[in-house]
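Here TrEMBL flags 20-42, 57-74, 86-103, 154-173, 203-220, 232-254 as transmembrane segment.
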Amino acid sequence: RHGAVKNEDTFKTSPFHLDLWFYFTLQNWVLDFGRPIAMIILPLEWFPLNKPSAGDYFHMAYNVITPFLLLKLIERSPKTLPRSMVYVSIIMFVMGASIHLVGDSVNHRLIFSGYQHHLSVRENPIIKNLKPETLIDSFELLYYYDEYLGHSMWYIPFFLILFIYFTGCFTPVEEESRMPVAALLLMGPSSLYYWYLVTEGQIFILYIFTFFAMMALVMHQKRKGLVLDSNGLFLFYSFIITLVLIALWVGWLWNDKILRKKYPGVIYIPEPWAFYTLHMNNLHAAKESL
């Protein structure tokens, strides 16, 4: 029953969820993007290196608030969506985000010891001289949990839930396929956050497949005479702007030889924090030496 769309739901529509999209955007910027910044700018004596940082507490709050907002978003869908898949996705999301919390906490604390994110684990000066050398394997395992397993279990369910919600954002009424001014104002910050999520999380393939699935669904539903409502348009246009931002980011750093070495694959998308430790840290050090 939960996996099917009710007949009476077919032509229901939802107004723009200003409160939910605003909370999403706010907590994404503060609790996700802001957590490493809080860790760096707050005095180290407040959060010793052997204790959780301010960013860790931000991450803990994110792990609680985001699943709640995703569930509220699904509840507001005008159509009945597959709840079992949603619940499993939420569970996987919390597990992945929690794994990432531990790995990311240690990796970001290593910055204070001279760790450089633009280098691989074995190329980092503070890592490659460790004795015994098996300790390096342990740090690579930590990096794997942080950057690969944690990200996969975090972002795959996240994008899956967004896509499941997106499938219910269609209406036969052309007049309802418009975005209010508030949606247009939120679109910029929302798109910029998705740019950060895709580049820092190194999940371009997941993002682009989700975007292509959205495009295919839009074309399929258009043949049935259905168009996106205001919430669907907000999500769809945010993904389009995100793609433009990613293209500009890659174009800007296209000839960066050091970042090219760290990201040697066909898909070259540098992480913002790798750019920071490579260029901005050096800039700050130069200013402090003056």
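Backbone N, Cα and C atoms are what each Cβ position is placed from, and that goes for glycine too.
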Of 57-74, 86-103, 154-173, whichever stretch has the most CB pairs under 8 A to the transmembrane segment (203-220):
154-173
Counting a contact as 3 or more Cβ pairs under 8 Å, with residues at least 6 apart in sequence, do the transmembrane segment (57-74) and the transmembrane segment (232-254) touch?
no
